[in-house]
Amino acid sequence: MLSKLKSFHLFSHSGSSTTPYMYKGNNLLLSAFHYMSLNHFCTTTGSPTTAESPELPDWVKFSQNNSPAGSDSDDDFVIPKLAYWAENQKHDHRSKVDGYVLRETIDSDIDKISELLKFRHSSADAVVQALGGCGVSVSESLVEQVLKRFSNDWIPAFGFFKWAKAQTGYRHSVNSYNSMVDILGKLKKFDLMWELVEEMDQLGGYVSLATMTKVMRRLARAGRWKDAIEAFRGMERFGVKKDTLAMNTLMDALVKENSVEHANDVFVEFKDSIPLNSHTFNVLIHGCCKARKMDNALKSMEEMKEHGFCPDVISYTSIVEAYCREKDFRKVDSVLNEMEEKGCPPNVVTYTIVMHALGKGKEISKALEVYEKMKGSSCVPDTSFYSSLIYILSKAGRLKDARDVFEDMTKQGAIPDVLTYNTMISAACMHSQEEDALKLLLKMEESSCKPDLNTYSPLLKMCCRNNRMKVLSALLNHMFKNDISLEVGTYSLLVHGLCKSGKLEHACLFFEEMVSKGLVPKDSTQKLLLKELEKKSMVEAKERVEKLMSQARQGG
C-alpha cells in the first residue's frame with residue numbers, strides 16, 4: 001500500500017517532475033495558484049461587509065474596498081520571546097540581491113546533491129559512497145544550504161558533511177562545523193556530536209562559545225539538564241572561557257526548557273566565581289515567571305537590588321507577562337504604574353504583551369486602548385506590535401481592519417517581517433481564503449522576506465482540510481527550495497490533517513518518512529493513525545505503523 005504511493009511525489013525535491021506544480025521559485029506557487037483558480041478551489045470573496053466598528057483608532061482607518069468577514073480563528077500566535085526580543089533589536093541591512101544571486105549560482109549543484117540525498121540511506125558512510133563521483137564542486141555556500149535543507153535528517157546531512165570534508169581543496173568553516181553539531185544535537189545523536197566537537201578542538205580554535213551554546217541548548221532541549229551543566233563546567237578544556245555571557249547562556253537554555261530549578265543551581269554554584277550582571281537576574285526572573293513561581297520571581301528581583309542592579313524594563317516586563325498569562329489585569333496595571341514611578345517606563349515590548357493578552361481575552365476595546373496609551377508615552381510601535389494587532393483583529397473576525405493595518409504599517413515606519421506575513425497567512429487560511437493566502441506567500445517572496453516553517457504550517461493544514469493534494473505537493477517542494485526541513489511538529493500536522501480528511505495512505509507515507517529520519521512521532525499521532533486504519537480495516541498498514549513506531553522508540 002505504501003509502495004504504490006511513492007509516485008505521489010510528496011517529497012520530489014528535484015523539481016524535475018513533469019507536473020506543473022514543481023516549478024522553481026515563484027513559478028511553482030503561481031502554478032498552484034493557477035490550478036486552484038481553474039478548479040474553483042479558492043473561496044471567492046464577496047462584497048464589503050458592514051463598516052468596521054468605530055473604536056478602532058484613526059491610524060488604521062483607510063479606504064479599502066475588499067474584504068470579507070469570517071469565522072473566528074483559533075490558531076495560536078506567539079510573539080517573540082521577551083529575552084530574545086530585548087537583545088535582538090538590530091535589523092539586517094544586507095543586500096536583498098546577494099542571496100538571490102548566490103542561490104542562482106549554486107542552484108543546479110544543490111538540486112543535484114539533493115537528488116542523491118533524498119533517498120533513504122542506511123548510514124552516513126552509505127551517503128558518502130553515493131556521493132562519490134557526483135562531480136559537484138564544494139563551497140562553503142553549498143555546504144551551508146545543503147545542511148539547512150537536511151537539518152532534520154541527520155544521516156544525509158552527516159554523510160554529506162563527511163563527503164565534503166574529504167574533497168580536495170575544500171575545508172569546512174567553523175560555521176559549517178557548528179551547523180553539523182547543532183543537527184546532531186537536535187536529532188539526539190550526542191555521541192557523534194561530542195566526537196565532532198573533539199574533532200573541532202583538534203583543528204585548533206574551532207570550538208567557541210557559539211559551539212558550546214548549541215551543545216548546551218540541545219542537551220537541555222532533550223531534558224538532559226545535568227549534561228548541559230557538565231558541558232559548561234568542562235568547556236575550558238576546549239579553550240572556551242566560563243564567563244558571565246557563557247553562564248547566562250547556560251541559564252537561559254535551562255529556563256527555556258522549563259528547568260528554572262537547574263538554572264538557579266547554576267546561579268548558586270557560580271555566583272561567587274563568575275561576575276554577575278543584570279541579565280543574569282533577568283534570566284532567573286523570567287524563568288520563575290514562566291514556571292508560575294511569582295514569589296521566587298519577586299525574590300530574585302530583590303536579590304538583584306542587593307547585588308547593586310536596578311530592575312530594568314526586562315525585569316518588570318517579565319512580571320507583566322506572567323500576570324497577563326493569568327489574566328490578572330489589575331496586577332498588570334499595578335506593575336505598569338510602578339514602572340512609571342521607578343523611572344522605568346514600559347517599552348514597546350511591554351505594551352505589545354499587554355495588548356496581546358487583552359486581545360486573546362476578547363477585550364478588544366481595551367486592547368486597542370493600549371495604542372492610545374503608547375502614543376501618550378511617546379513609545380513608537382514596531383513590527384511585532386503591528387503583527388500582534390493584526391492577530392487580535394483577525395481573531396475577532398475583523399479582517400478588513402487587520403488588512404488595513406498590514407497595508408499601512410510601512411507608512412508608519414514598520415516593515416512587515418516573517419511574523420507579520422505568517423500572521424496574515426494564518427488568518428487567511430483559517431478563514432478559508434485560499435487565494436489570499438497564496439497571494440501573501442508570493443508577496444512575501446517578492447519583498448525578499450524569507451518564509452520559515454511557521455509560514456507553511458497553516459497552508460499545509462488548509463490543504464489537508466480541503467483535500468488540495470496537488471497544492472500540498474507544490475508547497476512541500478517550495479519549502480524544500482527555501483531550505484526548510486520538516487520536523488516532528490510539521491509531520492504530525494500532516495498526519496493528523498490527512499487522517500481527518502480520509503487520506504490514510506498519504507498519512508501513512510508521511511508517518512514512514514518521519515520515522516525514517518530518526519524522528520519519534522508523538523503518541524497522539526500514532527494513536528490517531530492506528531485508530532483510523534482500524535476503522536477502515538487496513539490491517540497490513542496498521543501492522544506496518546506499529547512496527548515503525550517500535551523502531552522509532554528503540555532508535556530514540
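Note: Cβ is positioned from N, Cα and C throughout, glycine not excepted.
The domain 'PROP1-like PPR' annotation in TrEMBL covers 362-528.
Across the repeat 'PPR' (173-207), the model assigns an average pLDDT of 97. Marked as repeat 'PPR' by TrEMBL: 173-207 (among others).
According to TrEMBL, the feature repeat 'PPR' maps to 208-242 (among others). The DSSP breakdown of the repeat 'PPR' (208-242), given as helix, strand and coil counts, is 26 helix, 0 strand, 9 coil.
According to TrEMBL, the repeat 'PPR' annotation covers 277-311 (among others).
Beyond its flanks by at least six residues, the repeat 'PPR' (312-346) meets 82-83, 86, 278-279, 281-282, 285-286, 289-290, 292, 294, 297-298, 301, 304, 353-354, 356-358, 361, 366, 377, 379 of its own chain at Cβ-Cβ distances under 8 Å. Under the heading repeat 'PPR', TrEMBL lists 312-346 (among others).
Annotation comment: TrEMBL describes 347-381 (among others) as repeat 'PPR'.
TrEMBL lists 382-416 (among others) with the feature repeat 'PPR'.
According to TrEMBL, the repeat 'PPR' annotation covers 417-451 (among others).
The feature repeat 'PPR' is assigned by TrEMBL to 452-486 (among others).
According to TrEMBL, the repeat 'PPR' annotation covers 487-521 (among others).
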- [ ] State the non-local partners of the repeat 'PPR' (208-242) in its own chain: residues 6+ outside its ends, Cβ under 8 Å from one of its Cβ atoms.
- [x] 174, 177-178, 181-182, 185-186, 188, 190, 193, 197, 200-201, 249-250, 253-254, 256-257, 259, 262, 265-266, 270, 274
TODO: Could you tell me how many residues in the repeat 'PPR' (382-416) are helical, how many are strand and how many are coil under DSSP?
DONE: 23 helix, 0 strand, 12 coil
